[in-house]
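Quick look at what Swiss-Prot annotates:
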BINDING   2  Ni(2+) binding site
BINDING   73, 76, 89, 92  Zn(2+) binding site
């Protein structure tokens, strides 16, 4: 299950941002997850809940925005947003398409807290 290694890298990235911003904890992690990223949202959530327990993200909530597939057809120039995992142009049924969005997983935003000054 590659979601474990993905979450491990995500938490490491969160820890680096928290350290750079003198944060004591991360309360929210927002990611954009493309439908063609190869990452299963439910497994990612489970992995996050497991791996966050020992670090600065232990109280963090993982928020996922699912990004549909966006393609552009080289034949008819149609740009399409697709819910299914298909690279066929819905306008002309061409396979000559280019993926514009929906293949990656991106860290979009972190909410962090800093220690209160005494």
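For all residues, glycine too, the Cβ spot is worked out from N, Cα and C.
Annotated features, which come from Swiss-Prot, shown on the structure.
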residue: 2; record: Ni(2+) binding site; Cβ neighbours (10 Å): 12
residue: 73; record: Zn(2+) binding site; Cβ neighbours (10 Å): 21
residue: 76; record: Zn(2+) binding site; Cβ neighbours (10 Å): 14
residue: 89; record: Zn(2+) binding site; Cβ neighbours (10 Å): 22
residue: 92; record: Zn(2+) binding site; Cβ neighbours (10 Å): 13
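Between residue 2 (Ni(2+) binding site) and residue 76 (Zn(2+) binding site), the C-alpha separation comes to 37 Å. Those same-chain residues not listed among 73, 76, 89, 92 yet with C-beta within 8 angstroms of the centroid of the Zn(2+) site C-beta atoms are 74, 75, 77, 78, 90, 91, 93, 94, 96, 97.
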